[in-house]
Amino acid sequence: MLDSPTLDLLDSLRRTMAEKSFLVVTGAGISTASGIPDYRDKDGVRRGAQPMMYQEFVGNPAARQRYWARAMLGWPRISASQANAAHRALAALQAENLIKGLITQNVDALHTQAGSQDVIELHGSLHRVLCLDCQQRSDRTAIQEQMLAHNLYLADVHATQAPDGDTLLDPAYEAGFKVPECPHCQGKRLKPDVVFFGENVASHTAARATLSVEQAEGLLVVGTSLMAWSAFRLCKAMAEQGKPVIAINHGKTRADELLRMKIEAPCEQVLPWLAEQLITR
């Protein structure tokens, strides 16, 4: 249940969104209700082990072996995840032309599953795999089937789920792992089609996001601490243009000083309420 102070803030947000065309940017917090772990605590501090860096992944075969061994065990959770009420609420708002567009930092494709159109996937998608040699893309399901067939020794191994389809796997299981091959060129330098730490967002994706900010009259940030520059810069640009930036997020965000309003309540409760109010009025 949403308490009275939260409902007062939400009513103010409803009035603002009824008057202005808002762009929405989402982060890991919108998918936690779908069973996908997020990255940071309420103070914006990253949980768990440090992520693999792009240069390490590209330049070190052992790093790729480690990544894919862990990712093979993490994929079933990602592939089975279902969009939750927050994803569906944003899809409903978009269908009624009540939001200007949708940008996500998430790589789980749950916005698309919920029915959202033309989602800008700022950091890519785990549902695709890119070959670093021939640049062809493959469906993640096909790569998963290949890895399972070649690494039967991991079939019954349990590993704790981590963000972005990663797992906490005992290193003893990694050494014998056979990395997947590209179905197009048989190369062994496959990478999930996502932006790693230390890697730049594709220029065409960044340009689409920038244009979306320019065309919108306000920005609604959902479920993200905005610690990644790729998303924070959008808030900064919006605020510099004198447009309102509003957040629905538990805890600290990098953009707190830029926010007109912050609602600290579960997005899977807040967004359905907001959608119902905006659509029925």
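Positions of Cβ are set from backbone N, Cα and C atoms, glycine also.
Database features (Swiss-Prot):
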type: ACT_SITE; residues: His123; note: active site, proton acceptor
type: BINDING; residues: 27-47, 105-108, 223-225, 249-251, Cys267; note: NAD(+) binding site
type: BINDING; residues: Cys131, Cys134, Cys182, Cys185; note: Zn(2+) binding site
type: DOMAIN; residues: 1-281; note: domain 'Deacetylase sirtuin-type'
Inset, instruction - Tell me whether Cys131 (Zn(2+) binding site) sits in a helix, a strand or coil according to DSSP. - result: strand
Inset, instruction - Compute the mean position of the Cβ atoms of Cys131, Cys134, Cys182, Cys185, which form the recorded Zn(2+) site, and then list in sequence order the other residues of that chain whose Cβ is within 8 Å of it. - result: Leu132, Asp133, Gln135, Gln136, Pro183, His184, Gln186, Gly187, Arg189, Leu190
Legend entry - Between Ser31 (NAD(+) binding site) and Cys185 (Zn(2+) binding site): CA-CA distance (Å): 35
Inset, instruction - Pick the one among the binding-site residues Ser31, Cys185 whose Cβ has the fewest other Cβ atoms within 10 Å in this structure. - result: Cys185
Legend entry - Distance from the residue listed as 'active site, proton acceptor' back to Cys134 (Zn(2+) binding site), taken between C-alpha atoms, in Å: 21
Inset, instruction - State the count of C-beta atoms found within 10 angstroms of the C-beta of Cys131 (Zn(2+) binding site), not counting that atom itself. - result: 22
Legend entry - Neighbour-count leader, CB within 10 A, binding-site residues: Gly27, Gly35: Gly27
Legend entry - Reported mean pLDDT - the domain 'Deacetylase sirtuin-type' (1-281): 94
Legend entry - Pairwise CA distance, Asn249 (NAD(+) binding site) versus Cys182 (Zn(2+) binding site), rounded so that it is a whole Å: 39
Inset, instruction - Which residue among the binding-site residues Cys134, Cys182 has the fewest other Cβ atoms within 10 Å of its Cβ, if you could check? - result: Cys134
Legend entry - Between Cys131 (Zn(2+) binding site) and Gly35 (NAD(+) binding site): CA-CA distance (Å): 29
Inset, instruction - Name the one residue among His123, Cys131, Cys182 whose Cα is closest in three-dimensional space to that of Gly27 (NAD(+) binding site); these are the recorded positions. - result: His123
